[in-house]
Amino acid sequence: MTISNTRPITPDLIASHGLKPDEYERILNLIGREPTFTELGIFSAMWNEHCSYKSSKKWLRTLPTKGPRVIQGPGENAGVVDIDDGDCVVFKMESHNHPSYIEPYQGAATGVGGILRDVFTMGARPVAAMNALRFGSPDHPKTRHLVSGVVAGVGGYGNSFGVPTVGGEVEFDARYNGNILVNAFAAGLAKTDAIFYSKAEGVGLPVVYLGAKTGRDGVGGATMASAEFDESIEEKRPTVQVGDPFTEKCLLEACLELMQTGAVIAIQDMGAAGLTCSAVEMGAKGDLGIELDLDKVPVREERMTAYEMMLSESQERMLMVLRPEKEEEAKAIFVKWGLDFAIVGKTTDDLRFRILHQGEEVANLPIKELGDEAPEYDRPWTPARAPSPLATNDVPQADVSDALLKLVGSANNSSRRWVYEQYDTLIQGNSLQLPGGDAGVIRVEGHETKALAFSSDVTPRYVEADPFEGGKQAVAECWRNLTATGALPLAATDNLNFGNPERPEIMSQLVHAIKGIGEACQALDFPIVSGNVSLYNETNGQAILPTPTIGGVGLVRDWSKMARIRFAAANETILLAGAPESWGTHIGQSVYMRDIHGRTDGPAPHVDLGHERKVGDFVRGLIEDGLVTAVHDCSSGGLALAVAEMAIASGIGATIDAPAEHDPIPVFYGEDQGRYVVTVAEGSAETVAARAKAAGVALPVIGRTGGNAVQLGDARPVSVDELRSAHEAWFPNYMGGDLAPDN
C-alpha cells in the first residue's frame, strides 16, 4: 500500500508514532507548521527512546568514560581502547529484544549483524562475539520455541559471517515470559591510526549509499522497540528486519578495502531508523546539513514511499561521506564485491535535513534538533528501598550434596553446551578459551603473546533486590571473570534493559543501577566506552527483571600463562582468595534460596569495591607469575558450584573441609562477592601464602584436589561423573521436550 505524504496528521496518527502530545507541540513550535507524513515518521524515529535515549541520557552522562587507554568513548558506533603496539580493540553491546520475541530467528540474527556492523564501521575487523540471552520460565509454552529460534539465529548469522562466539549467558525467569532479552556483543581489532568516525566534514561532498538494497522490512522498527507489548504483538511481525550474513561479509571486506584508499571522510552503518538516523547523526555531529534524493536509493520493492525508504531498517547497509576525487575507485570496489554503490545526496551548510522524492521536497527539518538536541527527560523516580536482612537464624536447611546435584542440573546453572555447540567458536583459528569458563579468550593475530579476554555478566535478581548493589555487582563480576583468566580488565560496554521509565519505581531501578555501575567502574578503573539502553521491556504492565548487562574486555600479556577453571592435577592445594572468616556468609538472593527453597527474599550481597580490587590484583599477579594452576571466580551458587564446575571441567575430584562451628549452608552456598577458588602445586604453596600475607588478602586452605568425587565438608561425596551427568543433561533434555521443565 502506498501512503501519501499529504496524509492528514491526526491525534491517533501521532500517538501511533509513539509521540506524546507535548512532543508534537514541540515539533510544531520547532518547524512552525504541521509536519508532512514523512516528517512525522522522521521525528518519531529520531525522538523515540531507542535512538534519543531521552529518559536515560541525564544519568548516562554520570558514568566514567575516560581512561589512559580510551581512544573513543560513548557517542560513536563503538568504543575504542588501546591494547599497545599500535593495536586497539573496538567493541560494543546492543540489544535486539523486541524483534527477537516477535520473530526469534531473524530478530537474533539481525541483532548479531547490527553489532558486527557497528564494529567494522569503525575500521575494525570483527574477531569475537558474545550473546547474553534471557528467556521466560522453562515451563512457559513459548520458551522452547524462542530458545530454539534465537540460538539458531545467533549461530546462523555469526557462523556464516565468520566470527567466533566466545562467551555469553543464558538465563530463564518467568519475568521474561513476555519480553525476552537478546544482548549481542562484538569486538574487532584495528590499528590506532586507522579508526573511522561518523562525523561528516566538508560542504557539497557526496553522500554515498553502500551495501544491500532497501526494502520494506523493519519500517518502524525503532519505534516498536520503544513501546511496551500488548495483545497486538503479532501485528508487529512486519517490523522485524531480515538479515543476510553473506552480504554482510562482502560489505565488511568492501568497507575495509575502501578504508585503505583514503576515500572515506565519515561512515555510519544503517541500524535503528535506517537512512534517517545515519544521515542525521553524520550531519548533526559535523554541524552540517544533509540533502538526500530518494530517487537514487537502490530499492528491491516497487512503489516505495519516501516514508518507507526513510524508516526502512533493511540490513547490511552503510552511509558514507566520500572524497569526490575517489568516487570511481570507491565504486569499483563495491561493484567487485557485488554490492550497491549510489550517490544519494550531499552535505550542505544550512543545518537542514532535506529529502527529495519524485521531484518534490517531502521533508525539510532542522538537523540538530533531530539529532543531538532531541528532547531529554528528567523522569521522576522513587527513593531506593533495600530489602531487610534475613534473620540470623533464618537459614533454611537442606542436604548439602542433594542441593549440589539439584543446582548443577538446574535450568540456570546447568551446562550451556547445547547452546554454544551451535555456534562456531573456533573460526579464524585464534580461540584460546571457549565458552564454559570464566571468560572467552582469543589470541591477537600477528602478536606472539598477546590475547584478549571477554566476559558478559549481570545477576538480575540482585538488581531487583537492590539496584545500586546489583549494578556494582554486574561490573565487579565481569571484572572478576576477566581477572580469573589472568587478563587486566581494560574497559566495558553496558546494555541496560529495563521496563517502562514512565513508572517512577522502574526509573528508580535504572537510576540506582547506573549509580552502582558508575561507582564500580570508577573504583576498578574499568570505564564504560559504549553501550545501549533498552526500555519498555514490559508486556501488559509486567516488567522484566532489571537487567543491566555488562560486557568487558581484558588484556592478557602472555597467553601461555593464562588460567583456566579446570583442576590441573590431583594432590594440589585448593585455596579461597578473598574469603571471609567463615568462607561464605550471604544467602539472601542466592540460587540456593531460589532454586532449593523457592525464596526470593533478602538483600543482595554487598560489593566492597576496595576488597574486590585488592583481591583481584593479587590473584592476577599469581597468574602472571605462574604460581597458580587453576582459577575460578565464586559467583552464582557460591563455593559449592565453583568447586563442582572445576571438577566437572577436569574430571578430577576435590575434598573441601568446612570451618568448624559454622553452618555449612552459607559456607558452601553463600554468594559473598570478591572471592576466587585457586589451586597451587605443592612447590608454590609457601610462596603464595607469603604473598597473600604481604598483600593483606585472606587465603585460607580449603581442601585438596584428587579422587573421583567432590566432598563438601561432612556431606556425602558426589562422584564427578554424577555431577557431570546432571550438569550436561538439563539443556538437551529440555530442548528435546522430554524433561519436566522446572527440574
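Keep in mind that glycine also has a Cβ here, set from the backbone N, Cα and C atoms.
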>> Quick check: of LYS20, LYS92, LYS450, LYS614, which does Swiss-Prot put in the same ATP site as TYR53, ASP494, GLY531?
In response: LYS92
> Do you know which of ARG117, ARG303, ARG557 Swiss-Prot groups with SER95, HIS96, ASN97, HIS98, GLN241, GLU313, SER314, GLN315, SER534 in the substrate site?
Replying inline: ARG117
> Fewest neighbouring Cβ atoms within 10 Å: which of the binding-site residues GLU94, ASP118, GLU313, ASP494?
Replying inline: GLU94
>> Using Cβ atoms only, which residues of the same chain lie under 8 Å from ARG117 (substrate binding site) while being at least 6 residues apart in sequence?
In response: ASN77, GLU248, LEU251, ASP269, GLY271, GLU316, MET318
> Looking at the recorded positions LYS92, HIS96, which sits with the largest number of other Cβ atoms within 10 Å of its Cβ?
Replying inline: HIS96
>> Using CB atoms and a 10 A radius, I'd like the single residue among the binding-site residues SER95, ASN97, ASN532 with the highest neighbour count.
In response: SER95
>> Distance check, please: Cα of GLU94 (Mg(2+) 1 binding site) against Cα of GLN315 (substrate binding site), rounded to an integer number of angstrom.
In response: 15
>> Using a 10 Å radius around its CB, how many other CB atoms surround GLY531 (ATP binding site)?
In response: 27
>> With DSSP assignments reduced to helix, strand and coil, which class does SER95 (substrate binding site) get?
In response: strand
> Of the recorded positions HIS50, TYR53, ASP118, GLY531, ASN532, which sits closest to SER95 (substrate binding site) by Cα distance?
Replying inline: ASN532
